[in-house]
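Marked as domain 'SprT-like' by Swiss-Prot: 9-142. Residues annotated as Zn(2+) binding site in Swiss-Prot, with sequence analysis given as evidence: His65, His69. Sequence annotations record features per position, and here Swiss-Prot assigns active site to Glu66.
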Amino acid sequence: MLTNQELTAKVKEISLTYFKQSFDHEAKWNQRLRTTGGRFFPKDLHLDFNPKMAELKDFEGVILHELTHYHLYRSKRGYKHRDADFKRLLSQVGGLRYAPSVIDKKIKYYYSCQNCGQLYPRQRKIDTKKYRCGKCRGKLILKTSGN
């Protein structure tokens, strides 16, 4: 994994390549990030990144996403996810709109519908008397348990 200095250098390089503007602040790893790819801090303009994202091939897209926040904020334009400026610039540079999932879900139970055969992978057990198939309203049965 890259050090914080190497990460900052990579972010600066990507900023010049895609935005033709310099990144003049710090980029660092944040171990506490679980589901997000990164965070932009308007208060001091630094970027935090999830270290689990570093191994993904889409990591450059996560960096582009955070740099989009950074450059729009510095140019006093809409830098939030809902703003048209953000959506437009993000699509122009090819950044990711959403962070890829790094959480590996442990599927323990597989339910299937008796009527249509629709399969429902689940992490937790469900009450088959209470829940039905969302497709045809058929009865659900437990196929296999991963225990």
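Here the Cβ of each residue, glycine as well, is placed from N, Cα and C on the backbone.
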Exercise. What is the total of other Cβ atoms whose distance to the Cβ of His65 (Zn(2+) binding site) is within 10 Å?
Worked result: 24
Seminar exercise, completed: In all the protein chains shown, the tally of other Cβ atoms within 10 Å of the Cβ of His69 (Zn(2+) binding site) is 23
Seminar exercise, completed: Within 10 A of the CB of the residue listed as 'active site', the number of other CB atoms across every chain shown is 23
Exercise. If you average the pLDDT over the domain 'SprT-like' (9-142), what number do you get?
Worked result: 95
Seminar exercise, completed: Secondary structure split (DSSP) over the domain 'SprT-like' (9-142) reads 42 helix, 23 strand, 69 coil
